[in-house]
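According to TrEMBL, the protein carries these features:
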ACT_SITE  Ser90  active site, acyl-ester intermediate
ACT_SITE  Lys93  active site, proton acceptor
ACT_SITE  Ser143  active site
BINDING   Lys248  substrate binding site
DOMAIN    57-276  domain 'Peptidase S11 D-alanyl-D-alanine carboxypeptidase A N-terminal'
Amino acid sequence: MKTRFILLYIFYVLLFLFYPGDSYYFHIFAYNRDLFEKPTTVSEIKLHPIPYLKSPVVPEVTAEGVYIVDLPSFTPLYEKRAQEKFLPASTNKIMTALVASDVYLPDDVVQVKNIVTIGQTMGLVENERISVENLLYGTLIHSGNDAAQALADNYGTDLFVTLMNEKAKKLGMAHTLYKNPAGLDDFGQYTSPFDLALAARELLKNKFLRKVVSIKEITIADENFEQFHKLTNVNKLLGEVHGVGGLKTGYTENAGENLVSFYKKNGHEFIIVIVKSADRFEDTKNVVQWINEAVGYTDYSSNQSFSTAGT
């Protein structure tokens with residue numbers, strides 16, 4: 001008798017819950033197809049080919065700091081004192097260009113307020129009105145200290161440098177502190193090979209800046225076509241070493257020779273950072289040769305291995 005009563009009780013409870021009228025639970029289960037249907041789309045995961053070294057041979061360089069990395073996977077291939085602090089010199093201008101791209105539009109026109117004559121300059125004149133785009137050419141191609149300073153001056157130099165440091169922190173550049181936009185030696189200013197690779201990776205995401213650093217020579221003008229500036233890329237490897245797409249040089253007597261390079265071979269992309277070198281261009285050429293000979297790839301999407309070397 002007791003069992004029969006329990007069964008009747010359960011029957012009426014279920015009838016109340018799922019009777020096809022205004023039952024809340026019936027509507028949930030009968031009309032909410034998401035509860036029953038499997039997802040119709042599956043997100044694709046893109047697997048980048050993973051680099052590996054085919055031999056224990058390391059590149060021959062004079063540089064005190066080195067960081068060589070496969071760009072898509074950001075897998076390091078070789079490093080030397082990569083997290084240690086060095087003077088950045090004009091590699092500062094990588095971050096100057098990034099911040100300028102954040103705070104200006106390319107066709108914004110700014111006025112040259114302060115004439116910089118120290119080190120490499122593009123020859124800006126006082127009160128010259130020139131587009132941000134052309135100042136970026138001057139900053140990245142010709143490594144003009146006056147161009148970098150003009151970009152900072154028109155926003156407020158102190159605030160601009162603050163933004164440089166904030167962006168560096170955002171990118172994970174834990175061993176970098178900027179003091180000026182041009183990279184002139186300044187007490188307490190430093191960076192590391194690894195941090196420079198992070199900054200370079202960010203610059204290469206910007207299609208315009210990526211194009212700018214690859215330009216070997218260009219002539220630009222001010223707003224009224226009264227002042228013309230012929231700019232030549234300081235990176236001597238452009239046009240000399242196939243696959244080098246430029247990026248940024250840097251030099252002061254205290255910093256030594258610095259060079260951050262973008263290199264592409266058979267569809268594979270690399271960032272090469274050379275810091276405090278006796279010969280940055282020769283070092284980079286040696287690294288390029290080493291990449292071509294020593295680096296192979298495993299493509300997990302097709303389970304194939306292949307080399308960067310051409311056939």
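Placement of Cβ uses the backbone N, Cα and C atoms for every residue, glycine included.
Unlike curated entries, TrEMBL annotations are predicted automatically.
From a predicted model like this one, the values you see are computed outputs, not experimental measurements.
According to DSSP, Lys248 (substrate binding site) sits within a strand segment. In the shown protein chains, 28 other C-beta atoms lie within 10 A of the C-beta of Ser143 (active site).
Note on Lys248 (substrate binding site): other Cβ atoms within 10 Å of its Cβ, all shown chains, come to 31.
Reduced to three states, the DSSP call for Lys93 (active site, proton acceptor) is helix. According to DSSP, the residue listed as 'active site' is assigned to coil rather than to any helix or strand.
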